[in-house]
Amino acid sequence: MSNQDFYATLGVARAATDDEIKKAYRKLAMKYHPDRNPDNKEAEEKFKEVQKAYETLSDKEKRAMYDQYGHAAFEGGGQGGFGGFGGFGGAQGFDFGDIFSQMFGGGSGRAQPDYQGEDVQVGIEITLEEAAKGVKKRINIPTYEACDVCNGSGAKPGASPETCPTCKGSGTVHIQQAIFRMQQTCPTCRGAGKHIKEPCVKCRGVGRNKAVKTVEVNIPAGIDDGQRIRLSGEGGPGMHGAPAGDLYVTVRIRAHKIFQRDGLDLHCELPISFAMAALGGELEVPTLDGKVKLTVPKETQTGRRMRVKGKGVKSLRSSATGDLYCHIVVETPVNLTDRQKELLEEFERISTGLENQTPRKKSFLDKLRDLFD
């Protein structure tokens with residue numbers, strides 16, 4: 001593993017906040033995760049480097065040591081790492097790199113590693129109708145499941161995990177150096193307190209195997225595009241009996257052919273003939289619940305907005321329901337017949353001098369006269 005600067009490994013500045021470091025780690029860990037890059041040694045090495053960098057920079061004490069001494073703060077073995085503290089390296093086969101981060105930790109609490117299952121994030125696409133009314137969806141997600149051979153224990157059938165002989169089950173070991181009594185995670189069991197002497201052949205002692213799981217997601221009425229649903233305990237299973245992680249489902253709403261959503265309200269264009277626009281009339285308009293009748297007043301102009309109350313989307317958090325807004329578009333007819341042309345020409349002739357019937361046109365002409373007078 002290279003000794004590249006940990007901040008450079010995560011792509012963050014030295015002054016980066018904890019949240020920035022965590023965000024960068026999650027992005028890179030997802031990118032280089034072995035499950036996403038099978039048989040890719042380069043990605044596997046990158047993943048290890050990212051994990052090592054995050055392990056150091058996410059811990060305040062380790063980060064402080066690294067900022068002061070760099071990689072030398074964590075070099076173990078017989079190389080005399082940590083600059084002038086060469087006498088601390090390699091004693092009794094322990095990695096004293098971790099000890100320095102715990103030198104003044106005190107306490108005798110058990111340093112258990114976090115074996116809880118990973119959180120899993122997936123996306124799902126639904127229709128606007130499903131978002132408005134709510135729907136149940138079944139999705140398949142890649143995950144791990146407890147090994148069916150060892151029942152998740154990690155031990156060979158007939159055997160069982162034994163108390164770690166190094167730490168006697170505490171998960172930590174203590175080292176006495178001069179006046180310092182230092183504590184570190186047990187190098188044998190890695191803090192678990194137990195040691196698997198005969199690992200399961202199928203899972204190789206991990207206690208879980210790759211699988212595909214089907215989960216039913218209850219999507220509530222009123223959900224909006226981009227919102228997430230959390231399913232507790234439906235993420236990756238924990239190791240050696242630890243609790244599972246959570247499943248986060250991000251909902252995406254497919255674009256609708258007619259409606260556009262704005263919060264709880266729906267909007268659509270409603271084309272009408274110029275005859276209906278002038279004379280008024282009644283027509284059917286679509287909603288998410290079927291068709292309803294809408295009365296168009298006479299002398300309706302393009303751009304007029306007509307409301308159909310209660311035909312929007314139900315609120316996710318209250319009993320409120322939005323409205324449907326129909327935006328009128330007066331459509332100019334095309335492909336006219338000779339008879340239609342004659343009637344329109346006749347209409348134009350008999351309309352001459354009746355400027356009050358076209359107030360916008362009259363206003364425009366008046367402005368033109370004022371402009372050039």
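Note: Cβ is positioned from N, Cα and C throughout, glycine not excepted.
Neighbour density for Cys147 (Zn(2+) 1 binding site): within 10 A of its CB lie 22 other CB atoms from the protein chains shown. If you look up Swiss-Prot, you'll see Cys147, Cys150, Cys200, Cys203 marked as Zn(2+) 1 binding site.
Counting only residues at least six positions away in the same chain, the Cβ atoms of Cys164, Thr166, Cys167, Gly171, His195 sit under 8 Å from the Cβ of Cys189 (Zn(2+) 2 binding site). In the three-state DSSP scheme, Cys189 (Zn(2+) 2 binding site) is classed as coil. The annotation Zn(2+) 2 binding site is assigned in Swiss-Prot to Cys164, Cys167, Cys186, Cys189.
According to Swiss-Prot, the domain 'J' annotation covers 5-70, on the basis of sequence analysis.
The feature repeat 'CXXCXGXG motif' is assigned by Swiss-Prot to 147-154 (among others). Listed as Cβ neighbours of the repeat 'CXXCXGXG motif' (147-154) (distance under 8 Å, sequence separation of 6 or more from its ends, same chain) are residues 160-161, 196, 199-203, 205-209, 237, 239-241.
Model confidence over the repeat 'CXXCXGXG motif' (164-171) is summarised by a mean pLDDT of 84. Here Swiss-Prot flags 164-171 (among others) as repeat 'CXXCXGXG motif'.
The repeat 'CXXCXGXG motif' feature in Swiss-Prot is assigned to 186-193 (among others).
The repeat 'CXXCXGXG motif' annotation in Swiss-Prot covers 200-207 (among others).
Feature annotation from Swiss-Prot assigns zinc finger to 134-212.
Cys150 (Zn(2+) 1 binding site) counts 26 other C-beta atoms within 10 Å of its own C-beta, drawing on all protein chains shown.
Calculated from their C-alpha atoms, the gap between Cys203 (Zn(2+) 1 binding site) and Cys186 (Zn(2+) 2 binding site) amounts to 23 Å. Sequence-ordered, the extra residues of this chain that approach the Zn(2+) 1 site, with Cβ no more than 8 Å from the Cβ center of Cys147, Cys150, Cys200, Cys203, are Asp148, Val149, Asn151, Gly152, Ser153, Gly154, Ala155, Pro199, Val201, Lys202, Arg204, Gly205, Val206, Gly207, Arg208, Asn209. Once Cβ contacts within 10 Å are tallied over all protein chains shown, the binding-site residues Cys164, Cys167 are led by Cys167. Across the range of the domain 'J' (5-70), the DSSP-based residue counts are 48 helix, 0 strand, 18 coil. Cα of Cys186 (Zn(2+) 2 binding site) to Cα of Cys200 (Zn(2+) 1 binding site): a span of 22 Å.
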